[in-house]
Amino acid sequence: MSTATLSQETKQIVKATVPILAEHGEAITKHFYKRMFSHHPELLNIFNQTHQKQGRQPQALANSIYAAAEHIDNLEAILPVVSRIAHKHRSLNIKPEQYPIVGENLLAAMREVLGDAASDDVLEAWREAYELIADVFIQVEKKMYEEASQAPGGWREFRSFVVEKKQRESATITSFYLKPEDGKALASYKPGQYITVKVTIPGHEHTHMRQYSLSDAPEKGYYRITVKREEGDGDLPPGIVSNYLHQHIHEGDVLEITAPAGDFTLQEEGERPIVFISGGVGITPLMSMFNTLMQRGVKREVIFIHAAINGFYHAMHDHLAQTASQQENVHYAVCYERPTPGDRMNPFMKKEGFIDESFLRSILHDREADFYFCGPVPFMKTIAQILKDWDVPEQQVHYEFFGPAGTLASS
């Protein structure tokens, strides 16, 4: 943490704004992004505009600001949040000189949205608080940049990778196997981590960057990402980058990526059973963890539970089914929302509909386990609530958000 400190008066003013942030936080952050992109359009090359339109990015930022204000007396309490965001920043190649731009526009947004409630004293207190928090991020990210670049096979910023193989996994999911274009060493990674892919799409003014989980075990001589083609739904447009990768990136093409990042990683120590619960393309980081355990010959009980619309959309089923058939310590169960007649013949399909508490209870004979889950947010909220009701200790519960971090608290 930074050695800088805030005066007691500044802390009191910041804490006094907590109710205001609870009420107006998203309005402030939406205005902030609009203002910042207007004054600094070059930052559109970094931020995911789909998440902006969905409101997920402003909501995530509002939650972070609220948490910082609430814990201004003890910023150590939000270090896990800082670490998670810093991993994302390092992956996106965020630079220290961009923090003052964010601070300037955030304070201006507070003033313009809150009006008289944003007095000079309030804005000055938040300026001091922001500078302290920004310094924490800059120091944490500096260390992350150094670790990524100094690791064997590591690098800083972006590196060119060739698509060695492109493999269809389901109706909407495809894997890309990537190797360094320069033929040099490839950095290892922790199972569960992700990389950022940067693409320049013809006809688009700005570059696009997206994070994709590495979906295979490390030390295989390649990185594998497994990408769902986002088709769009209602007001949500089709995914710009996912459709570009599916339709226009082929074997032999080159992608620019950053070194692996992320703190959703496999904790290999211990003897408890490991339970993986995935929904849709949320299977990808869990497959990296699962394959790592299999590669290392771990004897702990491993239970893999996956939910999909049906077999048509289910990626990597054959691999999981074969492994479960061959390994006594591996158990595999599938839940299909709308199974086909063929799906009903699948011996691993155990439920039709959605994963619920009774289904998990029927599969898991021992709740004293380490749980890892990833998938759509409503799916994750369901799993989180079940584990909370079961009194599973927090240190045994691990999950990953795709996109801006949110909250799994029941609404």
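Even glycines carry a Cβ here, placed using N, Cα and C.
Copied over from Swiss-Prot, here are the features:
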type	residues	note
SITE	Y33	site 'Involved in heme-bound ligand stabilization and O-O bond activation'
SITE	K88	site 'Influences the redox potential of the prosthetic heme and FAD groups'
ACT_SITE	Y99	active site, charge relay system
ACT_SITE	E141	active site, charge relay system
DOMAIN	156-267	domain 'FAD-binding FR-type'
BINDING	Y194, R210, Q211, Y212, S213, F401, F402, G403, P404	FAD binding site
SITE	E400	site 'Influences the redox potential of the prosthetic heme and FAD groups'
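Overlay of Swiss-Prot feature records on the structure.
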residue : record                                                                      : Cβ neighbours (10 Å)
Y33     : site 'Involved in heme-bound ligand stabilization and O-O bond activation'  : 19
K88     : site 'Influences the redox potential of the prosthetic heme and FAD groups' : 18
Y99     : active site, charge relay system                                            : 19
E141    : active site, charge relay system                                            : 21
Y194    : FAD binding site                                                            : 26
Q211    : FAD binding site                                                            : 20
S213    : FAD binding site                                                            : 27
E400    : site 'Influences the redox potential of the prosthetic heme and FAD groups' : 23
F402    : FAD binding site                                                            : 20
Residue pair S213 (FAD binding site), E400 (site 'Influences the redox potential of the prosthetic heme and FAD groups') - Cα distance, angstrom, rounded: 10
Inter-residue Cα distance where the pair is E141 (active site, charge relay system) and Y99 (active site, charge relay system), in Å: 12
Which recorded positions sit within 10 Å of K88 (site 'Influences the redox potential of the prosthetic heme and FAD groups') - Cα, from Y33, Q211, F402: Q211
S213 (FAD binding site): secondary structure state under DSSP, collapsed to three categories: strand
DSSP state at Y33 (site 'Involved in heme-bound ligand stabilization and O-O bond activation'), helix/strand/coil: helix
For Y194 (FAD binding site), the one of Y33, E141, E400 that lies nearest, given that the recorded positions are compared by Cα: E400
Cα proximity to Q211 (FAD binding site), best match among recorded positions Y33, E141, E400: E400
Nearest-integer angstrom distance between the alpha carbons (Cα) of E400 (site 'Influences the redox potential of the prosthetic heme and FAD groups') and E141 (active site, charge relay system): 20
Cα distance (Å, whole number) from Y33 (site 'Involved in heme-bound ligand stabilization and O-O bond activation') to F402 (FAD binding site): 20
